[in-house]
Amino acid sequence: MKIDINDYLLYNFVPNAKHNMGVIIAIWAPIVLIYFMDVQIWYAIFSTLLGGALGAFRHLGEIRTVGMLQSRFESMPSAFDRCFVPPSGPDAKAKNWRTSKEPKNMAKFSRMWNEFIRSMRMEDLISNRDRNLLLLPSFSTDESRVQWPLFLLASKIPAALNMAKEFKGKDDAELRKIIGRDKYTCAAIRDFYYTLKHIVCFLLEDEDDRKIVENVYGAVTESLEKKVFLKNFNVSGMPFLAVKLEKLLKILMAEQWDDKAFKNQITIALQDIMEIIVLDVNRLHLLLTVKESATDVPLNSEARRRITFFANSLFMNMRSAPKVSNMRSFSVLTPHYKEEVLYSIEELKKENEDGISILFYLKTIYPDEWTNFLERMNNKPQEDGLREWVSYRGQTLSRSVRGMMYYKKALELQCSMEFADSVSNEDHIREKVLPDLKFTYVVSCQIYGILKRLKDPRQKDILNLLLMYPSLRVAYIDEVEEPVMEKNEGKTKKVYYSVLLKGDTNTYQEREIYRIKLPGLPTKIGEGKPENQNHAIIFTRGEALQTIDMNQDNYFEEAFKMRNVLEEFPHSHGSQKPTILGLREHVFTGSVSSLAWFMSNQETSFVTIGQRFLASPLRVFHITRGGISKASKTINLSEDIFAGFNSTLRLGSVTHHDYMQVGKGRDVGMNQISLFEAKVANGNGEQTLSRDVHRLGCQFDFFRMLSFYCTTVGFYFNSMVVVLVVYVFLYGRLYMVMTGLERDILEDPQIKHNNALEAALLTQSFIQMGMLLVLPMLMEIGLEKGFRAALGDFIIMQLQLASMFFTFQLGTKAHYFGRTILHGGSKYRATGRGFVVQHAKFADNYRLYSRSHFVKALELGLLLLIYEVYGKSYRNSSLYLFITFSMWFLVVSWLFAPFIFNPSGFEWQKTVNDWTAWRRWMGVRGGVGIQPENSWESWWEEEQEHLRYTSIRGRVLEILLALRFFIYQFGIVYHLDIAHHRRSLLVYGLSWCAVLVILIVPKMVSIRRLQMFHMDLQLPLRMLKGLLFLIFLAIMTILFKFCGLTLSDLFASILAFMPTGWGFILVGQACRPCLHKLLWGPMKELARAYDFMMGLVLFTPIAFLSWLPAVSEFQTRILFNQAFSRGLHISMILAGKRDGGASPM
């Protein structure tokens, strides 16, 4: 298509050109870039559909509520028998547990189920009452009578009594039909009937009285058999009888008897019977009095999730468990550095600036668990109990150790069940030693020796863990000064050892088991975490190894499945046997805040459904084979994935299994999450530059290669392309609107619609707002919780500004991935795993996000403003809004998301304090030993660290990218009224004179002012300032009066010259080795001025919103809505107020 352009509004460097390639590039470059992202979109759709189908075929989410559990509970013992009870003989046939209604191995199932329930009680997820309702009764020798847990029989007896009372007929069959509609009502009646008989017969000492009771029960049984019960008995009096019986049971349950006097009245032989009777009385009382629905037990959401997932997993495709003696032995390895082991009492009670302690915060977030804890402690909690309760709700080593040691507890129960019928001493010995032979847990505490020398409290806490869990082992790197065995007498050298410890319960100290000499300090050669794992791997044993991070957890019911998981190794999945088994992760920090919930859902979309898709049809990769981690500095920052690359390159096979899960903690605060995303993006940039990715790409077939690309390198590359599309589009539009070409194109009658551009921008908006993560998230939540719940979660996430959060994190990924590609030099960023309820200061947010988000957002905002101002006369507003809406949303998200998701971000007093702290931070001079968080200068130097070690190529690219800031001035000056529509280069040259005057004169005045100040010439200094001000007024008057300068020209000049100054700064930073010290000082002051102005632009709307009283409360609801649903009043907490009924502890 040919369009004639008559009026070119800028200086035309090629006046005789027949074609304008700039227009073609400006229009089509964004569309071409979008094509790079189309593959990512199709992958997200395909992986969502196929991953969801795989999950459905694996029976995921078939039991997702307590109501569903109630309907399937009858089949659970048979499913348990199929999964966990090894066949008794070689001819044993597989059981059809899906259709079997007859409970199998009820005794073993009840033992495991009750241990599961008790473990949740010890974790304070359920109360004593919930525990009693969930426990299965002791297995009865009467096979014809199966007793179900009370939560299934809840409210059944009161309902049956009402039915009997209101029934007016005389036909037993009709009443039995009404009651028999609910199978658990019949079970509750039978349970109540026989339990009452058992209690009454025990309480009656006279044999004649017992015979009377037997006769009554016989008459009832005979009437039921002959179907004349309604004729022989008056059922309308049953509710009155129930009231009398309830009073009797309360008397029996009351602790009014003296325990010693009561026990002296009975013989020693009846003591065990008495304990059973007490349990029966309690059960009978609950059967009679509990009136709430079974779906309300337990009340704790985490307990409900664990119970339903375990029940669901019994009906999933799980390998049958072998005998403990035949199972594969395995080890668990956890690296630990400086993370918290167990919170001290001082840390629990230490208040932050809002007056909130960790203990008070957790009591408010988990009120039901705190109540359960007090009940378990008889309302007298000890210090050790408090420390454990808080630590088990954080991301601490003690939580990880407790979770992993469930493996031994599960193995002990399995051995007990396996040797239950054995009478030989040899089998009893095997029962005791098998758990230790099959399971080993090693925690690699890298600096344990240093902690011991410094008498750090964490060393004492680790020692207590060793004493608490005798099977636990601790490995660490020991540094020893040894004499040099040569002529150099008296000299020593440092020698390093890998040391393995265990706890000695006799001396209450650690005891050394092994000591292995190392050639040097491994953590200086490679990255810290992988080297910490690698030096300790020699102490692990067994046929399998599970690598667990320090922020992970485990559960008793999941540990019970380890035998089944290990049985996956000898079975082929496709062409070969697996070398790596992948398991699900449940993010247990998701309920702390909205941000933690967003990260939990992101984990669901990217990890669970993504790994299921990659492992099953594609068999791409997981973590490791042969070794634990690759550990080279910088390049192997993301050590686990490089070990996965190595596994796949060695033709390793991987599987993913949904029937078992472990707990996982994630970052819960905005700054923590951003640091984590920056670390991962840096690591992915290093992967892009590595040989491993190239080799994998060469070995994969087409489909595996694309899937590998879309889940690793491509995911971050496309995140960068999303941002790059916005830049290319806006700079293209800047060129077109400044030259006047866009006006000619839009007004041309041949142009009706630009469908390709509209489609491209729609795709960009789709990805920018995190929609690629929404599709798999909706599918996975829909599978596990139901699609109505998934849709509800999606709506709530949007109300909590999830799109703003994901848009902000998109900028984090793009910035750090792009910087690593350009300059390399990624580094580990410690995120911290604490509880985030503390307000982050404005200076901290500015320091973290200035270059990655704020500068880029202001640049894009400036482009959008120019595009609107200079194209408004010929373009309708609806077209502008349609094209630029997502871009304005990106600008607002990048500028204000850190403050919206910052606790107390809009509280007036904190805003005032933040302003004071930020001004102080801006003014403090840098130097040796001054940390970046204390000084703007130190931070500015640190921000340029990547340029110190970059190559010439990196510096040249940095300069070329900085040249874009000089385009604004060239485009705008020709549109000034003072230019009078002239298109010569003289206009552009005069604009540079103005720039030089603006930059040089203030610096000259500053230097002269400093000299005159030291010479004590205050009066001449003031006169000089006054003279310069008068000269400025005279020049401005002349320009307004005689040269045609207008007020709009002043605002346009700001838009033109501000980017030019920033361009000078960026070029100066890239050319720092070539700059003289005299030029570097002014460059630094110019950068300080720009940062101050950017801070002022950011702070103004924050201060205004802080002045409005309702904004702070609205922000609190956005941040902590999930906690509100569990009874958390964050608005009171962040204000430092405490509820009157709260414990002062």
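Quick reminder: no glycine exception, Cβ is built from N, Cα and C everywhere.
Bear in mind that TrEMBL entries carry predicted annotations, made automatically and left uncurated.
So that you can see what the record holds, here are the features copied from TrEMBL:
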type	residues	note
TRANSMEM	21-37	transmembrane segment
DOMAIN	149-283	domain 'Callose synthase helical'
DOMAIN	298-383	domain 'Glycosyl transferase 48'
DOMAIN	385-957	domain 'Glycosyl transferase 48'
TRANSMEM	713-736	transmembrane segment
TRANSMEM	879-901	transmembrane segment
TRANSMEM	956-974	transmembrane segment
TRANSMEM	986-1005	transmembrane segment
TRANSMEM	1026-1044	transmembrane segment
TRANSMEM	1050-1068	transmembrane segment
TRANSMEM	1089-1108	transmembrane segment
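In this chain, the transmembrane segment (956-974) lies apart from the transmembrane segment (879-901): fewer than three C-beta pairs between them fall below 8 angstroms, excluding pairs fewer than 6 positions apart.
Under 8 Å from some Cβ of the transmembrane segment (986-1005) lie the Cβ atoms of residues 11, 969-970, 973-974, 979, 1024-1025, 1028, 1053, 1056-1057, 1060-1061, 1064, 1082, 1085-1086, all in the same chain and six or more residues away from its ends. With a threshold of 8 Å between CB atoms, the same-chain residues lying at least 6 positions outside the transmembrane segment (1089-1108) that come near it are 842, 846, 850, 854-855, 858, 895-896, 899, 905-908, 910-911, 914-915, 918, 922, 936, 940, 1061-1062, 1065. Long-range Cβ contacts of the transmembrane segment (1050-1068) within its own chain (Cβ-Cβ under 8 Å, at least 6 residues beyond either end) map to 855, 859, 862, 865-866, 958-959, 961-969, 971-973, 975-976, 991, 994-995, 998-999, 1075, 1079-1080, 1083, 1086-1087, 1090. The average pLDDT the prediction assigns to the domain 'Callose synthase helical' (149-283) is 72. With DSSP classes pooled into helix, strand and coil, the tally for the domain 'Glycosyl transferase 48' (298-383) is 40 helix, 9 strand, 37 coil.
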